[in-house]
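Worksheet: one structure, shown below.
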Amino acid sequence: MVQPVEEVEKNLARAKNGDRQAREELLAACRPFVARVAAGICHRHVEWGHDDELSVGLIALDEAIDRYEKSREVPFLAFARLIIRSRITDYLRRESRLAAHQTASLEVVQEETGVSRAEADLAWQEYLARETARERMEEIQDYARLLADFDIKFAGLAACAPKHRDARAVLLHVARTLAGDGELFNRLMAGKKLPIQELSALTGVHRKTLERGRRYIIAMALLWRHCREFVYLCHYLKPGAFKGGD
């Protein structure tokens, strides 16, 4: 199970306040995330201790911790992903491993064209806004397709959420349990059905409660399980999301 978004944000806040241990914990927890981003850029499997792109990516993640500003209202992992991509792209370009037509990062463009720091900062802000908007929309579309496999509509998630906080907390606990249990989650994905009997035995929640909350449980379990892919949704839709009212 990946580190919860709340834990990432807590360690990020501590790291930005100078807590070295929190920074190291955050860097360690996000190594799989760095590897996934690096593999996507390199279009191949990458291994720690073998591929320099991973070291470049980890250094970029450390840089992202320092540069991140919560006021931008961009999830940290989404921001970090842009920094990691930029730094690895720079590295590959300098190593002459990228095709000549591929676009260089903004930092390389600044270096080679001599644009001012102010112009580069403005370009970065525009790039950040453009990329976050694009990535956010792609995430919603990907999540909606994933939900559709279970006959769940993204637009209807709020309606299927329990109206009362206590009832919602019970289903969220079940969803997190499901997301964290590899065998049960694989069964969910294979059969496209909630393993109600096993979840009831594991959590102590009555079968009828699980049946009524099936769509909500599945939606949240999918989100938590794929937290590193859905960084925007996991940032905005923390436990308690899709509230139906209290």
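Placement of Cβ uses the backbone N, Cα and C atoms for every residue, glycine included.
TrEMBL does not curate its annotations; it predicts them automatically.
So that you can see what the record holds, here are the features copied from TrEMBL:
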- 28-97: domain 'RNA polymerase sigma-70 region 2' (DOMAIN)
- 52-65: motif 'Polymerase core binding' (MOTIF)
- 196-215: DNA-binding region (DNA_BIND)
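The DSSP breakdown of the motif 'Polymerase core binding' (52-65) into helical (H, G, I), extended (E, B) and coil residues amounts to 14 helix, 0 strand, 0 coil. Counting residues 6+ beyond its ends, the DNA-binding region (196-215) has Cβ neighbours under 8 Å at 150, 152, 156-157, 160, 162, 167, 170-171, 173-174, 177-178, 181, 184, 187 in the same chain. Residue counts for the DNA-binding region (196-215) by DSSP state, with H, G and I taken as helix and E and B as strand, are 16 helix, 0 strand, 4 coil. Taken as a whole, the motif 'Polymerase core binding' (52-65) shows an average pLDDT of 96 in this prediction.
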